[in-house]
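First up is the structure itself, then whatever we jot down about it.
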Amino acid sequence: MRPSLSRDASDTGRRHSLLQQSKLLSIRLSNAGKRPSLSRGHAHEKDSITSSHHRLSTGPVNNNPRRSLMVKKPNTAHGTRVPILNDHNDKFENMTLQDFEIGKILGKGKFGKVYCVKHRETGLICALKAMEKKEIVQYTIQKQFRREVEIQGSFKHKNLTQLYGFFYDEKRVYLLMEYVYYGELYKFLKNNGPLNETLASYFVYQMANALDYMHSKNILHRDIKPENILIGFNNTIKLTDFGWSVYNEDGQKRKTLCGTIDYLSPELIKSREYNNKVDVWALGVLTYELLVGSPPFEEDTKEMTYRRILRCDLKFPLNVSPQARDLIVRLLQFEPSKRIPLSEVKSHAWIANNRGSWTDL
């Protein structure tokens, strides 16, 4: 199992017609302050948001956290109020949990759970992320939550999960999101093993598209891994979980250590300033994992993994084609400036030579 760095959080209660779901939540937020450092730890188990779950979907449960880094203990000095939500009177003003039939759990995170839900009035199937207000405050991640909502709410791209809005009640904040039918890529790989090169190339192309779009908006994802990629119909994939995402305007360099150990780039491990090239590195790790079934630098301990990452110690099985190896090597360059641009990833020979077979998938 792979460790990941923690974050997440939520709270809220409101409403408007879901018939206007195509209009994303508009939020007036400031970009003040650094990203808070978070500890991994285990959140206290909370009561289910409903005692009776209707089976609305067959989505997967994510109980496979990867190795993560301890970066901060919770702050227990604050109350349970979440100030960032007080000045928002948006479309979902009167929505409550009672407007939904609650289905099975799709995933579990540090600060909450994701459920499959059906809106009673419209029949719309959505994913509902329920997060504990108390823990948002305890772990001092109000700004992070605000940024996550603002960033995801700004996206309009077929390979990024859509945020419809949020609402809250006394105990929790709820993010209402697009439901992606087949669930996590991680679980698919775990159950089925590595992908063939045709399907892998299609997934990598879509990921490059999504990241290119995010980077064009000066946003870094910073936590790319199969757990944060969902599979929809027709092999369409969607990047999700923007809890570590951050603005990176004017070529600004970041310093916060975050992400999943197997996917960390050399500059993150060495605590250097970094930019959107950390996402490019992570795409290289993902490409390898799609084809091989495990990350390229995975070892028994964090220290051993770090050593292999810093040496760019790549070992390819014989079944990985020369063209796929070439792309992976060009993505996993030690120096960020030498990593292949995303625009060139989309036109790389490995992608181009497999493109003609994508319609047969």
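Including glycine, each Cβ sits where the backbone N, Cα and C put it.
What Swiss-Prot says about this protein:
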type: ACT_SITE; residues: Asp223; note: active site, proton acceptor
type: BINDING; residues: Leu106, Gly107, Lys108, Gly109, Lys110, Phe111, Gly112, Lys113, Val114, Lys129; note: ATP binding site
type: DOMAIN; residues: 100-351; note: domain 'Protein kinase'
type: REGION; residues: 1-68; note: region 'Disordered'
Lys108 (ATP binding site) in three-state DSSP notation: strand
Three-state secondary structure, which DSSP defines for the residue listed as 'active site, proton acceptor': coil
Cα separation, Asp223 (active site, proton acceptor) to Gly112 (ATP binding site) (Å, whole number): 18
Maximal Cα-Cα distance (Å) across residues annotated as binding ATP, namely Leu106, Gly107, Lys108, Gly109, Lys110, Phe111, Gly112, Lys113, Val114, Lys129: 14
Which binding-site residues sit within 10 Å of the residue listed as 'active site, proton acceptor' - Cα, from Leu106, Lys108, Val114: none
Model confidence over the domain 'Protein kinase' (100-351) (mean pLDDT, whole number): 95
Position of peak Cβ density within 10 Å, selected from the binding-site residues Lys108, Lys110: Lys110
The residue listed as 'active site, proton acceptor': tally of other CB atoms within 10 A of its CB: 23
Neighbour tally for Gly112 (ATP binding site), based on other Cβ positions within 10 Å of its Cβ: 26
